[in-house]
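Worksheet: one structure, shown below.
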Amino acid sequence: MAIVGLGTDIAEIERVEKALSRSGDAFAERILSQSEFEIYQELKQKGRFLAKRFAAKEAASKALGTGIAHGVTFHDFTISNDENGKPMLTLSGKALELSQKSHIANIHLTISDERHYAVATVIFES
């Protein structure tokens, strides 16, 4: 196995909360997959959840080498959690297509947050 991509991103939670207050759920719908949006709707700390997902998807797009561009969208990345709470990243659409061309076999994702910031790192291995 070799590392074929590494990405990190940090998001300011307050900035995401302000974007939510300006645009409501439209901002969340732009970032979240359908399954993520269903979870989001049930939460009290929507801004914190969205900041963590935003950072994770930006980190994944950086690890892919495209950023959110070249046909890759936020909806190409879905974050879920296993039974122990470990974050899991699933690719679809253009991101999946590009990952297959790069022979990505393993995806590692870590997400963390504290009072003001959410941070995520993604590693793609062949």
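Using N, Cα and C of the backbone, Cβ positions are placed for all residues, glycine too.
Features of the protein shown, as given by Swiss-Prot:
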| type | residues | note |
| --- | --- | --- |
| BINDING | D9, E58 | Mg(2+) binding site |
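Here the Cβ of D9 (Mg(2+) binding site) has 19 other Cβ atoms within 10 Å, regardless of which shown protein chain they belong to. Its own atom aside, the Cβ of E58 (Mg(2+) binding site) has 22 Cβ atoms within 10 angstroms in the protein chains shown. E58 (Mg(2+) binding site) carries a helical DSSP state (H, G or I).
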